[in-house]
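What follows is a short report on a single structure.
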Amino acid sequence: MIAHDAPGPTALEGVPVFQATQEPHAALTQALDQISVVSLCACPAKLKDYLATLPRTGKHILAKNLTQPFSKRRVQKLVMDVRKQIGATEFVIHGWRYNAAVELAEAGCSDTEIQAVTGHKTLAMVQKYRAQANQKRLSKSAQAKRTEQKRNEKR
C-alpha cells in the first residue's frame, strides 16, 4: 500500500502524469472542502518499483508543493495535456474508473472490493456497474445457448 509518504513535485518533474498513473491501482489523495482524504488501494509492483526510484521530497506523488496535492482540476488538465500529446483525447479519466469497476465486476469481485478500488462512496454506484457487467455476461451466455441450439437443430 502507498499513501501520503511518497515523492513530491520535484521528483516527478518532466515525468508525464500518465506514466505515474497508468496502472489500475494507486494511492490517490483528493481534496474535499479543505479536507484531504486518502484512498488506499493495492499498489502494483511495477508502480511501486518506479516510485521507489524517486527521491522522497514531500507528502504526495503529484503535488503543487511539499505539503499539498494537485487539485482534481489540475490533474485533469495534466492528463488532458498527455492525452493530446498521444492522440487519445477520446479517453476520459472517468472512463478509467468505469472500466475498472466493470472489469472487477466481470472478474467476480464483491461490491465492497470494487468500492475499495474505485473509491465510490455508495454501493448503489457499484451495483450500477455490476448490473452492466452482469448484462454483458448474461448476453454472452444467451448468445452461446442460441448458437448451440441452432447447431443442434441442424443435426
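Every residue, even glycine, has its Cβ placed from backbone N, Cα and C.
Annotations in TrEMBL come from automatic prediction, not curation.
A quick note: this is a predicted structure, and the numbers were derived from the prediction, not measured.
Copied over from TrEMBL:
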DOMAIN    59-134  domain 'Tyr recombinase'
COMPBIAS  135-144  compositional bias 'Polar residues'
REGION    135-155  region 'Disordered'
COMPBIAS  145-155  compositional bias 'Basic and acidic residues'
Taken over the domain 'Tyr recombinase' (59-134), the model's mean pLDDT: 87
For the compositional bias 'Polar residues' (135-144), residues assigned helix / strand / coil by DSSP: 10 helix, 0 strand, 0 coil
